[in-house]
Amino acid sequence: MFKKLIKKNKNQPIQSEFGLDLHNIPEHVAIIMDGNGRWAKQRKLPRIKGHYQGMQTVKKITKVASDIGIKYLTLYAFSTENWTRPENEVNYIMNLPVNFLKTFLPELIENNVKVETIGFMEYLPSSTLKAIAKAKEDTKDNTGLKLIFAINYGGRAEILNSVKTIYDELTAKGLTSDDITEQMIDDHLMTHAYPDPDLLIRTSGEQRISNFLIWQVSYSEFIFNEKLWPDFDKEELINCIKIYQSRQRRFGGL
């Protein structure tokens, strides 16, 4: 007599531990990591210390997201508007990936996490680009969580870039604006290889999306968490997932 083979879910222990619905884990979670500067100010520390601590939170949340079974985690690391911040702060943020990815890479490889990026990367310093390129190369064959850093990213600029590319293609083919479809725009966005976020989380209590994935979050669930990003932990993420699971997504219907 043959025993029935049951396919085990490697994420089931942590899902069960926190009372999550195993069949309703968001596939794609996007996070606006806000509050690093305020975290540092509360402790009378330089703002850059907040950014450093924020990267430690990235490590923790990436591990939890992977353990839960989230497939895509997109983190808003640096916006196209952030260049207006003080020069020393921008320089520090640009250098963060160099040391951060170097120390984080072994853990990413061990946990089968694949590093990817969206954004206008050509404007980043060469040292930053090299660190990112190495992380992407060393994790390219990983099949687990896709960790997507949005660096020098802006939603309006992304859509504008998409429209310009589509215009050039239409002109070359002798087509008109009547031939433009929603799917065509979607296919020309930086995120074309990923599903739209199911859940968008913003930390620090601010309630705006700050030019982040403005096309892609049309039907995402929004959660505005009061914790500053360096204080955001496993329990907070689990609670956000529970809130997400308590909602009924309608996608414009009833």
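The backbone N, Cα and C atoms fix where each Cβ goes, and this holds for glycine too.
Of all Cβ atoms in the protein chains displayed, 24 besides its own lie within 10 Å of the Cβ of D34 (active site). What Swiss-Prot lists as active site is D34.
Over all protein chains present, the Cβ of N82 (active site, proton acceptor) has 17 other Cβ atoms lying within 10 Å. Swiss-Prot lists N82 with the feature active site, proton acceptor, giving sequence analysis as the kind of evidence.
The Mg(2+) binding site feature in Swiss-Prot is assigned to D34, E221; the stated evidence is sequence analysis.
I209 (substrate binding site) falls within neither a helix nor a strand when secondary structure is assigned with DSSP, and so counts as coil. Taken from Swiss-Prot, the feature substrate binding site applies to 35-39, R47, H51, 79-81, W83, R85, R202, 208-210.
Across the structure, T80 (substrate binding site) and E221 (Mg(2+) binding site) are spaced 24 Å apart at their Cα atoms.
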